[in-house]
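J.: Quick paste of what TrEMBL says about this protein:
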| type | residues | note |
| --- | --- | --- |
| DOMAIN | 1-72 | domain 'Lipoyl-binding' |
| COMPBIAS | 86-127 | compositional bias 'Low complexity' |
| REGION | 86-130 | region 'Disordered' |
| DOMAIN | 130-167 | domain 'Peripheral subunit-binding (PSBD)' |
| REGION | 169-222 | region 'Disordered' |
| COMPBIAS | 186-207 | compositional bias 'Low complexity' |
Amino acid sequence: MPALSPTMAQGNVASWNVKEGDEVAPGDMLADIETDKATLGWENMDDGFIAKILVPAGTKDVAVGTPLALLVEDADSVPAFKDYKGGASAGSSSDSNAKPASADAEAAAASTSSKPAEQKPQQQQEANSRIGPAAQWLLRDSGLSASDVQPTGPHGIITKGDVLAAIQGGAKPKPSTQAKEDARPSEPQAAKPQAPAASPPAAQAAPAPKPQPGARYTDTPNSQIRKIIAQRLLESKTKIPHAYFSATANIDGVAALRQTLKEQGQKVSVNDFVIRATALALQEVPAANAFWDEAKEDVKPADSIDIAIAVATDNGLITPIVAKANTKSLMQISAEVRELAARARANKLKPHEFQGGSFSISNLGMYGVDRFEAIINPPQACIMAVGGSQQHISMQQGKPVIRSQMEVTLSADNRVYDGAVAGDFLAAFCRNMENPVKLLV
């Protein structure tokens, strides 16, 4: 099970794109893995043939590092692993093949096992260093030891191919001392009559709860992504000191400019303007583009302005990233956001496209939400919640006028954002939104 994100500890095998016996090449997508962020394709790195799929599609909560399949170098090796089941089958095979040993041999074995030779740490390290990581797992899983395998690697290193060759050649694990003890025939003993056990008194059955009217429901299992989202939100809300800052921006100019661009055949959303305005505000107020360093207990400036945008999918919320957003034009941002959102909903994002980010935006204006407060997405220090456009009456030159306004709320890590930083950022953001021509440059 690959670690497809820095925080991934386990994953689900959503589906296999290959079957046993298939030839694969670097770049082929072997399977779809549901991670803590999204469903991603697992890319193959080696030439070879799929000899055995060890974890079937639909298996959930598979720990990172758990082998999912066996890959061999040539097609002739595939049949040797048709019935391969890993350590369980190897263990049962060794137990069934164990033969009773003589009394002298058993005594010698018992004497030897009572005084095990202690291997020095240096010797143990040297022994393990001569076995590759994949070979170590195959040895454990098959029940074989290093002495059962002929090494072919440089300096006597045992490779994965060496272990596969041993398994293909019919190597069997040596029966252990415990297996011999279990296999020793026992002396017959006279049967002793046993008194019938007294039956315990019957426990008083608890009265069954009365069914409640209207209490029927369908228990739908949570996806891996939603489980992780729940954990992260709880951790963020309980460990990060959230502070909230709100401001209102006049977006009449944005609406007028959008209409002009639409007449020219260019479709740009309000959210595209928000992203561009945010990027320029972070550039103007670099103190707002920072993280909290837990180890040093200090503020750490971000290397670049990478804005994560919240996108709702069938599997949960995901935040694709517009990298270096301050260097991109409004039109570039618009095209990139549409493309990222489409691939996010199709579970086609690559890990680097949704991992990281220095600032998040969550816009619920299209759902009719006026204002809300979001939860910070660690390790970021701030997320901006964007509400929908609302018409308000204000006074201009002594006369009432109707203006379209949008309220935004920062949820900020108070260790990074004090009132001055938040105020400077919101002022810069509102200036950008109220002067949308600046966002076209």
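Each residue, glycine too, has its Cβ placed from N, Cα and C.
Note: TrEMBL annotation is automatic and uncurated.
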J.: Determine how many residues of the domain 'Peripheral subunit-binding (PSBD)' (130-167) DSSP places in helix, in strand and in coil.
T.: 24 helix, 2 strand, 12 coil
J.: Restricting to the domain 'Peripheral subunit-binding (PSBD)' (130-167), what is the model's mean pLDDT?
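T.: For the domain 'Peripheral subunit-binding (PSBD)' (130-167), the model's average pLDDT rounds to 78.
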J.: Over the span of the domain 'Lipoyl-binding' (1-72), count residues by DSSP class, listing helix, strand and coil in order.
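T.: In the domain 'Lipoyl-binding' (1-72), the DSSP-based counts are 0 helix, 32 strand, 40 coil.
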